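Encoded as structure tokens, the structure appears first; notes follow it.
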Amino acid sequence: MCGIVGYVGRPKSLEVLLGGLRRLEYRGYDSAGVAIITEEGELVTRKRAGKLQVLVDDLAAEPLTDGSTGIGHTRWATHGGPTDVNAHPHLSRDGKLALIHNGIIENFAELRAELLADGYTFESETDTEVAAKLLGREYEAGGGLAAALGRVVVRLEGAFTLLALHRDEPLVVVGARRNSPLVIGLGDGENFLGSDVAAFVEHTQRAVAIGQDQIVTITPDSVLVTDFFGTRVIPSEFQVSWDASAAEKGGWSSFMAKEISEQPEAVANTLRTRIHHDRIELPELAGLEEALTDIDRIVIIACGTASYAGMLGKYALEKWARIPVEVQLSHEFRYSEPVLTPRTLVVSISQSGETMDTLMAVKYAIEAGAATLSICNTQGATIARESDAVIYTHAGPEVAVASTKAFVAQIAALYLFGLHLARVRGTLSAPAIAEALEELSGIPAKLEQVLLTSTRIQELAKWMSDSRAVLFLGRHVGYPVALEGALKLKELAYIHAEGFAAGELKHGPIALIEPGQPVFVIVPSPRDPNSLHAKVVSNIQEIRARGARILAVAEQGDAAVLPFADEVIPIPLAGALFEPLLAVVPLQIFAMELATAKGLDVDQPRNLAKSVTVE
Ligand code: M6R
């Protein structure tokens, strides 16, 4: 969850570290800190509880001497609250070494006890300080910083990325990773390390992903990657496909507002190069082609918003490819002793590609012999690298904690995959595939139309800013949309919100309806072949009779809804499976506007972080 930056090169570390931390702050934002080796060879540090700006203001009031080597950290607290003392970096006993950490060291209590017995004392409550003290002790044993780190990491259990520097090796930063991300940025006379490429993309677009259980040593002119035991590894370089401006707000009031507006482009980019007239080209599935002809079942694993994309994928895959699909939350998956065979395809969905729950579920699936495919937005992410194949959603960097454009891009990627599988399995005719592809290709233009309704939604959100609870209802593909609408409202506006399958209401939740209760209803098209429209209109009448205030998201021109809704938010005509891509947008805007009306930070909601790299 935390953001990590390392730099070695010219005497401008502070600028590089703070710039990188600003771009990584979405990963965690309850405290921040830096450590620098000055040109005079001193190790200086500063760390503060609160958002990065607190540290920046502190550094402005009382400047820190700059240098050519530094590490920086922005934290999402695990062990110990968000205080100055618990913030990273943490120091070795002699104060010559500084260390930052992302992840959780599960055996920290045992290691701490060992150090206490050895006469060490601790200032903080963190597992990180244990690693810092341990590394300091190993450094004293000789062999240099990288070798000492190697001896420490083999003793650690859990997930971690560690970066460290030592004042006796003034132009060196070392890093190590296990189940937690770390990427190298290659510069000219300078090199970078980051939790993701956003840390250094304004300086270089040349990147190298570090594999599992590897150690990296950077100096201004060299990069060395080894395994934990010092054996050299030759990693592969990749080019970052977006530039620094893509991760800037660019005049928008928030990253979330910008990312909502980028949804037409996000879907178009996910489809671009993959649809050729009536054909789908997914060369990235080459390694899976044989498996795809043989699979008898699909299990989709994901968390949060990505899991709702997965639910939509289930409807599409079962309808088009006629294969049983189940969707499981990643963190429940491996504890349910799932039945997996070589004929099971496990599809993981993750924007970050680093969500620990999903990564662990993918590893479990691999060990059980299942074929694995990931749908991922972040180039070179761990989940993508672990899987047999990856379909990248080319949504561009998603910085706001609340997922928006990644969600619609995930749905588009799942639908592409579903149509591809239908062709491989012969379950859809060529004209039917062509028709679905045409519909999918039309989504970006329809998303543009939906975005035009945002002013009205903004007004609604303002009126409703003192709501205490909001309910969301949907049937079939409208149900995951209802869940997503509720999640957005919870995480951004801190309002109690629940999504229900509309048919489930009468089995209990209808008791929640009281006069004035706002209920968003996702109304299927009146042209829906399953005749769900009439059923949802009946559900609307049932709750309206009990005083609910109805906010209907319905196809434009749907006259049957008008008499019963207090407000109708129109979406363009689309086939049933494609409606969610449009219907979710007003709900995203509503949550963002309501949070804004309450004066909340929509990009960095309380208690959350963008990339959930702990289990
Ligand atoms: O990076 P991932 O897609 O794996 O993240 C999964 C969830 O943590 C994420 O979708 C989360 O629910 C969002 N904050 C929702 O807006």
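Counting begins at 1 with the first residue displayed.
Using the three backbone atoms N, Cα and C, a Cβ is placed for every residue, glycine included.
According to TrEMBL, the active site, nucleophile annotation covers Cys2. Annotation for Cys2 (active site, nucleophile): same-chain Cβ neighbours under 8 Å, separated by at least 6 residues, are Arg27, Gly28, His73, Thr74, Arg75, Trp76, His88, Ile100, His101, Asn102, Ser195, Ala609, Thr613.
Per TrEMBL, the feature domain 'Glutamine amidotransferase type-2' maps to 2-221.
Residues or ranges marked as domain 'SIS' by TrEMBL: 288-427 (among others).
Taken from TrEMBL, the feature domain 'SIS' applies to 460-605 (among others).
What TrEMBL lists as active site, for Fru-6P isomerization activity is Lys610. Around the Cβ of Lys610 (active site, for Fru-6P isomerization activity), the same chain contributes Tyr26, Arg27, Ser352, Glu398, Val399, Ala400, Val401, each under 8 angstroms and 6 or more positions distant in sequence.
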Please classify the secondary structure at Cys2 (active site, nucleophile) using three-state DSSP.
coil
Arithmetic mean of per-residue pLDDT over the domain 'SIS' (460-605):
94
In the domain 'SIS' (288-427), how many residues does DSSP assign to helix, to strand and to coil?
70 helix, 28 strand, 42 coil
